[in-house]
Amino acid sequence: MGDVEKGKKIFVQKCAQCHTVEKGGKHKTGPNLHGLFGRKTGQSPGFSYTDANKNKGITWGEETLMEYLENPKKYIPGTKMIFAGIKKKGERADLIAYLKQATNE
């Protein structure tokens, strides 16, 4: 399992410009991520997803996020997420540890 504090720094540096995590947080360029774990792709209420995201049909969890965050466009071809991904597995684990906590508070 990753380091939550390191993951928070990664989120602030690489994700926060497009995503919020708190309950009731607004959508930005990307959707609010509250309640992410256990939710299917393309299901955050009020966000306009691509058909690719809606039709992927996987449920977000540690393993699916680990694969997705390495290369989002490869995992969901047609996603509008323009982020290139995080190549280092340890950094992805840290980010996922943070997301698991922050999106559930």
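Just so you know, glycine gets a Cβ as well, placed from its N, Cα and C.
According to Swiss-Prot, the feature heme c binding site maps to Cys15, Cys18, His19, Met81. Per Swiss-Prot, N-acetylglycine is recorded for Gly2. Among the features that Swiss-Prot reports, phosphotyrosine is placed at Tyr49, Tyr98. Per Swiss-Prot, the feature N6-succinyllysine maps to Lys56, Lys73; the stated evidence is similarity to another entry. Marked as N6-acetyllysine by Swiss-Prot on the basis of similarity to another entry: Lys73, Lys100.
Positions of Swiss-Prot features highlighted on the structure.
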residue: Gly2; record: N-acetylglycine; contacts (Cβ under 8 Å, 6+ apart): Gly90, Arg92, Ala93, Asp94, Leu95, Ile96, Ala97, Tyr98
residue: Cys15; record: heme c binding site; contacts (Cβ under 8 Å, 6+ apart): Phe83, Leu95
residue: Cys18; record: heme c binding site; contacts (Cβ under 8 Å, 6+ apart): Lys28, Thr29, Gly30, Met81, Phe83
residue: His19; record: heme c binding site; contacts (Cβ under 8 Å, 6+ apart): Phe11, Lys28, Gly30, Pro31, Asn32, Leu33
residue: Tyr49; record: phosphotyrosine; contacts (Cβ under 8 Å, 6+ apart): Pro31, Thr41, Gly42
residue: Lys56; record: N6-succinyllysine; contacts (Cβ under 8 Å, 6+ apart): Thr41, Gly42, Ile76
residue: Lys73; record: N6-acetyllysine; contacts (Cβ under 8 Å, 6+ apart): Thr79, Met81, Gly85
residue: Lys100; record: N6-acetyllysine; contacts (Cβ under 8 Å, 6+ apart): Phe37, Glu62
Other same-chain residues whose Cβ falls within 8 Å of the Cβ centroid of Cys15, Cys18, His19, Met81, the recorded heme c site, in sequence order: Lys14, Ala16, Gln17, Lys28, Thr29, Gly30, Leu33, Phe83
Recorded heme c site residues Cys15, Cys18, His19, Met81, farthest C-alpha pair in Å: 11
Other CB atoms, at most 10 A from the CB of Tyr98 (phosphotyrosine): 23
CB contacts for Met81 (heme c binding site) [other CB atoms within 10 A, all chains]: 18
